[in-house]
Every structure is written in C-alpha cells, then in structure tokens.
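Heads up, the thing below is written out as structure tokens.
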Amino acid sequence: MSNAFKQFYRFYSETNFNESMKRGIAMKIGFIGVGNMAQALIHGMRIEHAEWQLFGFDIYAPSLERAAANDGLIALSSAAEVIEKVDIVVLAIKPQQYDGLLKEISSSIRKEQIIVTIAIGFDIARTQSYFAEPMKIVRAMPNTPALIGQGVTGVSFSEAVTDAEHDAARTMFASCGTVVDITEAEFNIFGAVAGSLPAYVYIMTEALADAAVQYGLGRAASYEIISQAISGSAAMVNATNMHPAQLKDQVCSPNGTTIAAVDALEREGFRHALMAAVQACMTRTKELDK
Ligand SMILES: NC(=O)C1=CN([C@@H]2O[C@H](COP(=O)(O)OP(=O)(O)OC[C@H]3O[C@@H](n4cnc5c(N)ncnc54)[C@H](O)[C@@H]3O)[C@@H](O)[C@H]2O)C=CC1
Ligand SMILES: O=C(O)[C@@H]1CCC=N1
C-alpha cells in the first residue's frame, strides 16, 4: 500500500460514523467499483446517514474489506449481486472500464432502478445506448472532498427520472456536500474546475509548504497553516460575495509584501498555468468522450 493510500485510510478510519447517526429514508445504494471516488462518497454518506444500506463490489478485494470495516459497506461478490439488491447503482469504475461493465450488466439492470454514472466523458445518451428501453440515469460529477462532507457534485438527469427520484439522487450527494444541477453541456468544464480541482490545490499546498520549510517552518505546521489559509480564503469568496479581485486588493498593501508576491506570480504565468490546466483537462475529456 502506498503512503498516500495509508494516509487516506488513516483519516477514513478515525471518523466514527455511529456518532453522527441521523434519521432519514433507508436508501439502498450499490457501488460497482470501490476505489478512491466511491470510498469518499461511501464515507461521506455514512457519516450523514447511518441508516442507509450501502452495498459494493470491487474486483480488488482489499478495498471492499476496508470499506466494510470502516463504513459498514455490505461487500458482495459480483456486480450482478449488487444490482439485485439495490435501488440506486453507482458505476464508480474508470471511464475506460464503462463499456465492458455496461455490456455485462445491461440485461440485469431493472427499469425502475436508478443508474448513477460518475465517469468523465460519459454522457447520458452514451449510457442509454447500452439499453433497449429508456432508463433512469443520473449523471454526476463529484469530487474527493465528499469524504469529509465538503464535496461539490454536479448532476443531470435522463427524462425517465421522476421528480421524487431527482430529490433522492440530490439527497444522496448532498450527504457529501453541495449539489449543483448542471446541464449536460456543462459537465466537462465542471469536471475540470471541480472534479479535478482538488489535485491543483494539493500541488499548490505542497509547493507553498516547500517554500515555508525553506524558510524554517516545520513541515507538519506548514501543511496545517497553509490548508487553513486556503480554506478560509476560499470560504471568503462565497461568504462575502465580493469579486475575487477586491478580496485580493484587500491583502495588497501599497508598496507591501503581497503586491511583490503578486508581481512574481504574474511574471511566472500563474493565471495562465491555471487556465492551461483547465484547457488540458478539457482536451483529455474530449479524447475520453468517444
Ligand atoms: N478520483 C476522483 O477525484 C474522481 C473520479 N471520478 C470518476 O470516478 C470513477 C472512478 O474513479 P476513481 O475512484 O478515481 O478510480 P479508482 O481506480 O480509484 O477506482 C476504480 C475501482 O474500480 C475497480 N474496478 C475496475 N473494474 C471493475 C469491475 N469490472 N467491477 C468492479 N470493480 C471494478 C477497481 O478495482 C478500482 O478499485 C471514474 O470514472 C472517474 O472519472 C469523478 C470525479 C472525481
Ligand atoms: O482524473 C480523472 O479522470 C477524474 C475525473 C475528475 C477527477 N478525476
């Protein structure tokens, strides 16, 4: 197991879902694929809804065992078994694996079940094309902060999904953070600025911590200080509703230190680096969307 993986599970195991048990409808949700994204969703859901029945199957048994031990996931031995037991089936495998899985399960999924896709580049029509009848498809794009209930998930629905089922799907993702209704046309860019964004922020955190360590701050303290500064700054954008440039201006004293840093960021192409990252994401999404 890699160190990153171990750390992920250290957090994952330390949070006791029984302490935050809440009441609600006992949804039956099944995950096919219990990797990084599914584990974050399962943990987020479990924290909010101890009464939900969460089932899962993964070809990699240790992932299933861990989710069973930590979050009460009911581990099953095949995708077919998951489909048999649940109301909502979440396909949480890689986009490249969707074709094989959809072919395998298309005859066993029932019309009344809700299929949730979270793969980048997989639109509703593409999922529907594996089925003879109109299916209830929820297309969703979550992100990994779902693990701590601070994710953001974009959702769209096929026509067969009823209003009550829209609410059920929104409730499911709301247990992991914010839910935003988006159009199918917005999914790719949503993936680039929300689904992938945690990776950009982690690189920024690591780079800033390297600089802090260079100037004598401890490694652990650097991560704690920088991550709090990032989350506080991000929260200000929503809480104050001020333009990000105004918030930036409040930090920049005339002839001060921050404006010197801003000058260096602009010279190094910080804005362009971020825009280029999003453009690269969009290009790769198009390649997967075939
Ligand atoms: N990781 C992320 O931050 C995000 C991922 N997504 C989407 O979530 C999906 C899953 O991504 P990750 O969790 O990152 O990948 P992952 O590689 O961590 O997890 C995929 C899991 O599927 C399992 N698997 C593969 N074939 C299977 C099969 N036939 N039956 C059962 N299990 C099978 C693998 O063993 C693995 O545990 C992808 O489609 C991705 O586009 C969406 C938003 C964010
Ligand atoms: O890198 C990926 O393909 C997935 C999609 C959004 C975030 N991670």
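Placed from the backbone N, Cα and C atoms, the Cβ positions cover glycine too.
Annotated in TrEMBL:
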BINDING   I32, G33, V34, G35, N36, M37, A92, I93, K94, P95  NADP(+) binding site
DOMAIN    28-119  domain 'Pyrroline-5-carboxylate reductase catalytic N-terminal'
DOMAIN    184-288  domain 'Pyrroline-5-carboxylate reductase dimerisation'
Which residues, sitting 6 or more apart from A92 (NADP(+) binding site) on the same chain, put a CB under 8 Å from its CB?
F31, I32, G33, V34, G35, M37, A38, L41, I118
So, by DSSP, how many helix, strand and coil residues make up the domain 'Pyrroline-5-carboxylate reductase catalytic N-terminal' (28-119)?
42 helix, 20 strand, 30 coil
Any same-chain residues 6+ apart from K94 (NADP(+) binding site) with CB under 8 Å of its CB? Would you list them in sequence order, or say none?
G33, A119
Cβ-based isolation winner (fewest other Cβ atoms within 10 Å) among the binding-site residues I32, V34, N36:
N36
I'd like the per-state residue tally for the domain 'Pyrroline-5-carboxylate reductase dimerisation' (184-288) from DSSP, helix first, then strand, then coil.
90 helix, 0 strand, 15 coil
